[in-house]
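Novice: So TrEMBL has the following annotated:
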- 55-101: domain 'Chromo' (DOMAIN)
- 190-251: domain 'Pre-SET' (DOMAIN)
- CYS192, CYS194, CYS197, CYS205: Zn(2+) 1 binding site (BINDING)
- CYS192, CYS206, CYS233, CYS237: Zn(2+) 2 binding site (BINDING)
- CYS197, CYS233, CYS239, CYS243: Zn(2+) 3 binding site (BINDING)
- 254-377: domain 'SET' (DOMAIN)
- ARG265, GLY266, TRP267, ASN334, HIS335, TYR376, LYS412: S-adenosyl-L-methionine binding site (BINDING)
- CYS337, CYS411, CYS413, CYS418: Zn(2+) 4 binding site (BINDING)
- 407-423: domain 'Post-SET' (DOMAIN)
Amino acid sequence: MDLLSCASSVTLRVFLCAGCHVVCKSSRSHLQYLCRLERVACTDLGISKKNLNHFEVEYLCDYKKKGDQEFYLVKWKGYPESQNTWEPRKNLKCLKILKQFRLDLERELQRRKQRRGLKKLDHSLAHFMLQKAKQRQQLDRWEASLNTTRAHKGRICVRNDVDLEGPPKDFTYINNYKVGEGIVLTEVAVGCECQDCFKEPLKGCCAGASLHRFAYNDKGQVKLKAGQPVYECNARCRCGPECLNRVVQKGIQYDMSIFKTDNGRGWGVRTMEKIRKNSFVMEYVGEIITSEEAERRGHIYDRQGATYLFDLDYVEDVYTVDAAHHGNISHFVNHSCTPNLQVYNVFINNIDERLPRIAFFATRMIKAGEELTFDYKMQIDPVDAESTRMDSNFGLAGMTGSPKKRVRVECKCGMESCRKYLF
């Protein structure tokens, strides 16, 4: 569609808004640009006579200084790059965008070991600033998408102050297990009859019915030894949503940040809030696949030097969770030889012990801004048989049979107790 015919379509859309069913391939911002170009108001696009001449800065592309006056090359929202203009600092009211541009420029100058106070950016630096602005747009859109998709209280923010990498490709954010081919989840048959599961549990509530202890204290902190299973109340229980035996099922409660690490570990996750010791942090979510399929994928991931396979081997090694392409924020959590997260097997609406839910709880108090980590090669207690049954085996997931020669992946956790290799 050429510009003239597209402009005509916009005019038709403007005057026939309520009954217009024509699909236009133009983006909303481009349609807004065309409206302003044709001097036409459109309620659907948020263009009125009052803001017809309003111009919004989308991002800044370049910088130069003439005498004492600073100029910025502006990409205007709703307008193509061919309409970019140089504007004096006094004309720009976008304080947040200006601050971010200066911060990005200062970081890059420091990285390049160039002096500050440049009067003009060279081609390489100007190109970087343009790509950085576009990357920030992509990350902002991804962040908005994550927060639209999430079904949990905790918000997600995204930061990359290290390089120009944008959102990961071929990754879909999910809130619950994605069930793979040939796998059936067995729903619970009964629920508890408790009025107050914490103070007056009947028959030991759901945990007691399964011959296990109640998992949480009155603050929702896990009090079981790592390795012991957690049985939460389920959809058929009489207790309400505020029951103290409903913790993992409420989802992530803390605001978190997906950020790019500066030491070659890719993306990582940090908490934006203080987390108390033994508190639930997040669940490891992905696609449930058979051990046979996990072995096939495991060899592929092994050659790539990374894996997102987590064996569900609480009673037997039959199923695996693969979070490579479908997962939640746990997909981005890095390994550490001294982690601050501990794995627990949790059962809620599924009684199949071969298919527990994998929950991470804090091993200690975690400060706001601290990176979250777990041990890919975690072992609970080599003496305690109950605990040993649920060793994470994250590093060995998909590698059934013995012996299997693994590609040795260097560990970059930086801890004093570092084992030097992930696997």
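Just so it is clear, glycine is given a Cβ too, placed from its N, Cα and C backbone atoms.
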Novice: Compare the Cα of HIS335 (S-adenosyl-L-methionine binding site) against each of the binding-site residues CYS233, CYS237, CYS239, CYS243, CYS411 and report the nearest.
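Specialist: Nearest by Cα distance to HIS335 (S-adenosyl-L-methionine binding site): CYS411.
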Novice: Which residues, same chain and not among ARG265, GLY266, TRP267, ASN334, HIS335, TYR376, LYS412, have a CB within 8 angstroms of the centroid of the CB atoms at the recorded S-adenosyl-L-methionine site?
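Specialist: Other same-chain residues near the S-adenosyl-L-methionine site: THR261, GLY268, THR373, CYS413.
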Novice: How many helix, strand and coil residues does the domain 'Post-SET' (407-423) contain under DSSP?
Specialist: 0 helix, 2 strand, 15 coil
Novice: May I have the DSSP-based helix, strand and coil counts for the residues of the domain 'SET' (254-377)?
Specialist: 18 helix, 50 strand, 56 coil
Novice: For ASN334 (S-adenosyl-L-methionine binding site), which residues of its chain lie six or more apart in sequence with Cβ-Cβ distance below 8 Å?
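Specialist: THR261, ARG265, GLY266, GLY268, VAL269, GLU371, THR373, CYS413 - these are the non-local Cβ neighbours of ASN334 (S-adenosyl-L-methionine binding site), listed in sequence order.
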Novice: DSSP says what for the domain 'Pre-SET' (190-251): how many helix, strand, coil residues?
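Specialist: Breakdown, helix to coil: 11 helix, 6 strand, 45 coil.
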Novice: Can you break down the domain 'Chromo' (55-101) into helix, strand and coil residue counts using DSSP?
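Specialist: For the domain 'Chromo' (55-101), the helix, strand and coil counts are 13 helix, 22 strand, 12 coil.
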Novice: If you average the pLDDT over the domain 'SET' (254-377), what number do you get?
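Specialist: A mean pLDDT of 93 is what the predicted model shows over the domain 'SET' (254-377).
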Novice: Counting every protein chain present, what is the number of Cβ atoms, excluding its own, within 10 Å of the Cβ of TRP267 (S-adenosyl-L-methionine binding site)?
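Specialist: Cβ-Cβ neighbours of TRP267 (S-adenosyl-L-methionine binding site) within 10 Å number 18.
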